[in-house]
């Protein structure tokens, strides 16, 4: 073991290879994950009832008579500067509730805090604002055990000794024997007993985690070392004259995190937004452009032209970010490098697991655009075959399949959910021996029939989940059937009509829709393409725009404004958001008539509806059906609401 004075020195030692790991609090995990350290969380603490989260709370003595909304001028006890429950959450909350205000560009959060509370003990803040945040600390203001008011137990002691009026700690800090004398301050201005922390807290935050360099083998060795030590009580600090040494004393076990985990996925979108709000210099009134996330170059090209048309009074409403996949975009939105994008329902499900929310929904029926009320939006997932091929739902086993993409609604979740429920098997590769489902592992049988960019060179485009793969998306999956690369295409009900009988891009105009048929699930039924209402796999939720909670209102406002200008009958004829010149369904589905706002605070699951969510959950019983990102978001402690 290597002993350093504080966390930052340990982080540097790990980066340099002089040490391998350290347990950190969320706020420190944020720092460790930033450039130039680039460390990753590898193991998370788990507390009681299998939860790897805890609650940040504001604790006060009973009968002291003030509420969370009356904290100005009080004396405050904190676990340490930059720590989650002790600093980032309470100060971030005071900021977002408007009690604490930045006064100007040069002014830092610590300045505002030092004038907001009359006195404080914030361990580690000795060098800031002339030590004003240390006036309550008894001797030294260090972020270590020599300061009696450091850490959870210390901040509670500061309150107990009557040095402070309020302590910012976690829900497990107050000893059982003392609970009766203390209360929690709730955000709504009321008080509650200490055990009501689930309903009266400032935030639910990720567990402390062990952080190391990015090196899966090292991570495995560390996990083994920590989980095989016997005869030594890791999680108790009793006998060492202090609390929470190495691990929090309330830790019951350790959990290995997926290799793809990193600090922002682990901390989650909400906590990241909290930290970012502490980092910004002042509340600037200028609303910067909303950063749209484009997948691949064709989308980026359309986005760039949207961006240039979105300029009014010299200010852009839309800026563009690019990623190679939808999930890459989700990560950028979570990191605040991008703000929004429109995605398929199956991807809305994943976004929800990563704390993103649906803000607007694509509507495909003009009459719904003018009507008030909750947006109604569904389309039909269908299975298309060539007429005369003899393919029916009953003899699908052994055929070659064309999918819009792995994890997408019409292309994967609905058909594979049906295959799973009818045949009870998770062996999709055994059912369809080869196919094209862009986004699958390159070695998978579901990449065999994909075509890539068609350039004939190994450019990594084959099976990629973006428009560089010729068979990606709705039109791509239909084209895979047309070209004879597959026997059945799982797509949306309008796609054949959109790409035949003179409609669609060059490859499609000469096709006849009458050469294709729908097959109906669970039998030998077949139907004409136009009979989708009676012969479909499911009616499913529309594509939706996903974003972060903290920027939702700005995204909705921008889109409503852009739609007035560039929608179907927008005021500016120079650009149309719902048309794709160099491809299909770029940024939005081409069949979109308008976007409608989804009521605020609607979760991804509520938007998708129980029927569809249950279909996905059933599919998730099969291994390999959840993407790496989704698995990481779910295992990253606090992304799932209790």
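Note: Cβ is positioned from N, Cα and C throughout, glycine not excepted.
The Fe(3+) 1 site in Swiss-Prot is built from 25, 152, 208 plus one of 37, 54, 182, 197, namely 54. The Fe(3+) 2 site in Swiss-Prot is built from 344, 379, 474 plus one of 35, 78, 171, 543, namely 543. For residue 200 (disulfide bond), the same-chain residues 6+ apart in sequence whose C-beta sits under 8 angstroms from its C-beta are 57, 184, 185, 186, 187, 190, 191, 192.
Mean model confidence of the domain 'Transferrin-like 2' (290-621) amounts to 92 (pLDDT, 0 to 100 scale).
DSSP assigns residue 77 (disulfide bond) to a strand segment in the three-state reduction.
Here the Cα atom of residue 480 (disulfide bond) is found 21 Å from that of residue 379 (Fe(3+) 2 binding site).
Geometry remark: residue 208 (Fe(3+) 1 binding site) versus residue 594 (disulfide bond), CA distance 44 Å.
Recorded residues residue 83 (hydrogencarbonate 1 binding site) and residue 25 (Fe(3+) 1 binding site) have their alpha carbons 6 Å apart, per Cα-Cα distance.
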